[in-house]
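These notes are about the structure you will find just below.
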Amino acid sequence: MSQVILDLQLACENHAGLPDEAQFQRWLDGVIPQFQEEAEVTIRLVDEAESHDLNLTYRGKDKPTNVLSFPFEAPAGIEMPLLGDLIICRQVVEQEAQEQSKPLEAHWAHMVVHGSLHLLGYDHIDDDEAEEMESLETEIMLAMGYEDPYIAEKIAE
């Protein structure tokens, strides 16, 4: 049986309207057990200032972003179930959901799925990688009862 341990950190000022720990756990459980049996993931919910600082420091991008993924790399020869950390910016997620006319809960779920896939080694730097990752995200989101997060982009093409 797979086990995903969640460490949820609420580092944003306003906690009203945030998904609860059970929702974050459900979203992680919808992704990670497909790839590995045990994992520990920290999800830290932050405000724009912290997201901006981290995005500038680690990605060279001078703005807040929706989700940042920091995979854990154990020292050679040591096996640990730590998968890594997801930093999710509340304001960016809420703004994107509104701009993209997506249900807020679905967009939160998508950020957890997207970030988890990054922790598992997936990326979207080139077109082939992006296509594979988006396909996995869509499959996982549909399995959890949400719409395809990329449906608007597919319709626009």
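Any Cβ shown, glycine's included, is placed from N, Cα and C.
In this structure, His118 (Zn(2+) binding site) is part of a helix by DSSP. The Zn(2+) binding site annotation in Swiss-Prot covers His114, His118, His124 and is backed by sequence analysis.
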Let's check the environment of His124 (Zn(2+) binding site): how many other CB atoms sit within 10 Å of its CB?
16
Can you name the residues of this chain that are 6 or more positions from His118 (Zn(2+) binding site) yet have a C-beta less than 8 Å from its C-beta?
Ser69, Pro71
